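A.B. asks: Once you've had a glance at the structure underneath, I'll fire off some questions.
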Amino acid sequence: MRPEKPELENLREPVRFKRALALLLMTLVLPGSAQIVAGSKKAGRAAWRVIAGIVAIVVFLVLLSLVWRSGTINLIVSPTTLRIVQVLLILLAVGWAALFVDAYRLGRPLTLERNHRLTASIVDGVLVVLVMTVLIWTSTIVSAQRDFVASVFGNGEKSKADKGRYNVLLLGGDSGANRIGVRPDSLTLASIDADTGRTVLIGLPRNMAKVPFPAGTEMAKQFPNGFEWDGCGHDCYLNGVYTWAMGHKQHFPGVKEPGLLATQQAVEGLTGLKVNYYVLIDIAGFQHLLDAVGGITVDVGKKVPIGGIGGPIKGYIKPGKAQHLDGYHAMWFARSRAGASDYERMTRQKCVMTAMLNQLSPQKVLTKFQGIASASKQVVQTNIPSGELGTFTDLALDSKKLPVSSFSPVPPLIKTGDPDFGLIRTKVAEAVGKSEALDKGSDDGDGKKSDTPSSVSPSKKASTPSKTPSKPSTDVDDVAQVCKA
C-alpha cells in the first residue's frame with residue numbers, strides 16, 4: 001500500500017470523512033472525477049472519454065431527429081442497434097460500479113472512525129446498487145424493445161406510398177377452437193397522408209356481400225363476379241373471405257397467410273385503394289394491451305351491454321362523458337353487438353382507435369413499455385417491416401395534432417347485401433380528397449377519383465335509403481365529433 005500523503009495524515013478525522021463522502025458523490029455526478037482528483041488520472045480520463053462519447057452520440061441523434069425524424073427512429077429501433085445498446089448499458093453498469101469501489105478506496109476508509117467507516121460503506125453500497133439497478137433495468141427495457149420488434153415486425157419488403165398515401169388495413173378478429181385462425185370481424189382501412197399523417201378511417205361492414213377483387217389476383221380468378229356462390233349465405237360476406245382462403249390454401253402456393261392476403265385484395269377491390277400493410281389484432285386478447293397502456297377515456301353515448309349474442313349479458317357500460325375504461329370494458333365497448341347493429345359497433349371501434357392514438361403519448365409508451373410489448377406480442381400480427389417503424393411512428397406523432405375523419409359505406413347510402421361498388425369507390429375517393437384538401441388549404445371538398453380495378457363489374461344502381469337513424473352517417477365525419485356522447 002502506498003504511504004498516505006502527508007496532507008491527508010494531517011487532516012482531522014471529520015474532514016477525512018467528508019472527503020470520503022465527497023469522492024463518492026463526485027463519482028455519482030461525474031464518473032471519473034474522483035480518480036482525476038485523488039487517484040489514477042488515466043482511469044479518470046478514460047471515464048470522461050466514455051461520457052463525452054455518449055453525450056456526442058445523444059447530441060448527434062437529437063440533431064439528426066430535427067432534420068430526419070423517421071430515419072432517426074429507424075436507427076434507434078433497429079435490432080442491431082438495440083443489441084449494441086443493451087451490451088453497452090451492462091458494461092456501463094459494471095464500469096460505473098468499479099469507479100464507485102475505487103472512489104471508496106480513495107477515501108481511505110481504514111483511517112476513519114468505525115461509525116464513519118460504516119456510513120461510507122453503506123453510502124458506497126447504496127450508490128453501487130442504485131446505478132447498477134437503473135442501468136440493468138434500462139437494458140431490460142432495451143431487450144424488451146428488441147424482442148418486440150423481432151417478434152411483431154418482419155423483415156419483408158417495404159411498400160411504397162400509393163399516390164402519396166399509406167393504406168393500412170386494421171383487422172380485429174376472434175380466435176377460437178371452432179374457428180380457422182383469427183377470423184376478422186372488424187375491418188377498418190386507415191388511409192394516411194405520407195407527408196402530413198392526416199388520416200381517414202374507412203370502416204368496412206363485415207356483412208358486405210359480393211365483394212370484387214382486383215384483376216389478375218387469384219381471388220378474381222376464383223370469383224370473377226364477386227365473392228359469392230349459390231347458397232353461400234353468410235359465408236360469402238366480406239369477413240368470410242379470410243375463412244374461404246384459409247380453407248383453400250392450394251390456390252395460394254408459398255403464401256403463409258392466404259386469408260389475410262385474400263382479405264387485403266377484397267378491400268382493394270371494394271375501396272379502389274392499394275393496401276400497403278395490415279395489422280391484425282386478436283380482440284380476445286386486446287384487453288391486455290389496453291390494460292398495459294392504462295385504459296382509455298371515451299364518451300359513451302348509451303349503455304353498452306357486456307356479453308350477449310350467444311351468451312348472457314353480464315352487465316353494462318354506463319353512458320356518460322369522459323368515461324375511463326380499463327381493458328376489459330374497453331374491449332366490450334368496441335366489441336359488443338347485443339342490442340345494436342354492426343354499424344353502431346363500427347362507430348364505437350373508430351372511437352377506440354382514435355382514443356388510443358390521441359391518449360398514447362411517448363411518455364406513456366416509455367414508462368409502460370414492457371407491459372405494452374408483452375401484450376402486443378400476444379395479440380398483434382402485422383406485415384409492416386421493422387424498417388418502416390420510423391416512418392409510421394413519425395406519421396403517428398404528426399397525426400396526433402390533426403383531426404381524424406371517417407367514412408363508412410353503410411345504409412342508407414349503401415345496401416350491404418347488394419352494394420354499388422362504383423359509388424363506394426367514388427365516396428372513398430371523395431373522403432380522401434376532402435382530407436387532402438385540408439392540408440392544401442383548399443375549400444374544395446371533392447377529391448380525385450381512384451382508378452376502378454378492372455376486375456370489378458360495372459356499377460349497380462345506388463341502393464334505396466334506409467330509415468335507420470341509429471346507423472352512422474355515410475358522409476365524411478370528424479371522428480372527434482362522432483365519438484362525443
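Here the Cβ of each residue, glycine as well, is placed from N, Cα and C on the backbone.
In TrEMBL, annotation is done automatically, which means it is predicted and not curated.
Copied straight from TrEMBL:
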- 436-451: compositional bias 'Basic and acidic residues' (COMPBIAS)
- 452-473: compositional bias 'Low complexity' (COMPBIAS)
- 184-360: domain 'Cell envelope-related transcriptional attenuator' (DOMAIN)
- 433-485: region 'Disordered' (REGION)
- 20-38: transmembrane segment (TRANSMEM)
- 50-68: transmembrane segment (TRANSMEM)
- 84-106: transmembrane segment (TRANSMEM)
- 118-137: transmembrane segment (TRANSMEM)
A.B. asks: So what's the mean pLDDT when you look at the domain 'Cell envelope-related transcriptional attenuator' (184-360)?
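C.D. replies: So the average pLDDT across the domain 'Cell envelope-related transcriptional attenuator' (184-360) works out to 92.
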A.B. asks: State, in range form, which of 50-68, 84-106, 118-137 has the highest count of Cβ pairs under 8 Å to the transmembrane segment (20-38).
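C.D. replies: Ranking 50-68, 84-106, 118-137 by Cβ pairs under 8 Å to the transmembrane segment (20-38) puts 84-106 first.
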A.B. asks: Give residue numbers and ranges for long-range contacts of the transmembrane segment (50-68): same chain, 6 or more residues beyond its ends, CB-CB under 8 A.
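C.D. replies: Counting only partners 6 or more residues beyond its ends, the transmembrane segment (50-68) has Cβ contacts under 8 Å with 30-32, 75-76, 92, 95.
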